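Engineer: The structure under discussion is supplied below as structure tokens; questions concerning it will follow.
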Amino acid sequence: MPAVAPSAAESRHSNTFLRLKKKLERGVGEAIADYNMIGDGDTVMVCVSGGKDSYTLLSCLLALRERAPVDFRIVAMNLDQKQPGFPDDVLPAYFESIGVEYRIVTEDTYSIVKDKIPEGKTTCSLCSRLRRGIIYRTAKEIGATRIALGHHRDDMLETLFLNMFFGGKIKAMPPKLVSDDGQHVVIRPLAYCTENDIERFARGMDFPIIPCNLCGSQENAQRKQIKTMLQGWARDYPGRIESLATSLRNVVPSHLSDSALFDFVGLTRDTRVGEGDTVFDPPELPAAAAPITLRRADDDGDRSAT
């Protein structure tokens, strides 16, 4: 007889899954500690879209709160954008089943986006702006001192390369930021967690995933190209993605070219800069470092640049 796949409940009790759960919670805990994301008395509004990332974020924060050295409140928040076919009963039922305080906000941003954006064009930018305004307003209404978003390590790296390749900037997603009006602190506790681990965890937990019909099938072509590139590197060159992620926390402004970050104009022979002379030294690389190969996302041939 063919083997029967274990149920979600059975897999949640396997040693493999428990190790994965511990790994994710440890990553979230380290990010919170490293960036002082949550303190005693904070109210954390966790934005839950119904996707794997936000479900995982909520699960990890609830688990960590049980043993955290500080006391903080968690409020799950979902924005119902009135997308056709959106199952508005799924998230309330889930929140109640796990006993978390929650707020469902209903705003028909779907109609606004469809009215303003021509058919076939990417809706992400306008949708994001509308959603951000509603999230900030809701955070103020419930007294949230922190707004937690479900972006993970791979999102941050994709954004870094998007800005470098298409925007001419070295800019990614910060793990913690203050809104432009200074009223809200936004945190990304999954900053150290990988998408692969999150996907495995979400499958094991059997979260009631809700697809986004507005944008889920029209993934930005540029982001898709970057994602494909990073996935290829992860597959072909083990350790490269981890090194890239580490580089986001090891920036040396004096070895870049931005005068807003380092005073090159005022630099003289009397100026002492850490790592100054190392510019002449070869970088310390593993003995068998693999060459970096870039291919066009639509290129199935051998054309490459190393």
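Count begins at 1; order follows the chain as displayed.
Cβ coordinates come from backbone N, Cα and C, glycine included.
Sequence annotations record features per position, and here Swiss-Prot assigns [4Fe-4S] cluster binding site to Cys124, Cys127, Cys215. Residues or ranges marked as motif 'PP-loop motif' by Swiss-Prot on the basis of sequence analysis: 49-54.
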Engineer: Under a three-state reading of DSSP, tell me whether Cys127 ([4Fe-4S] cluster binding site) is helix, strand or coil.
Structural biologist: helix
Engineer: Starting from the Cβ of Cys127 ([4Fe-4S] cluster binding site), draw a 10 Å sphere and report how many other Cβ atoms land inside it.
Structural biologist: 20
Engineer: Could you tell me how many residues in the motif 'PP-loop motif' (49-54) are helical, how many are strand and how many are coil under DSSP?
Structural biologist: 3 helix, 0 strand, 3 coil
Engineer: I'd like the number of other C-beta atoms within 10 A of the C-beta of Cys124 ([4Fe-4S] cluster binding site), please.
Structural biologist: 16
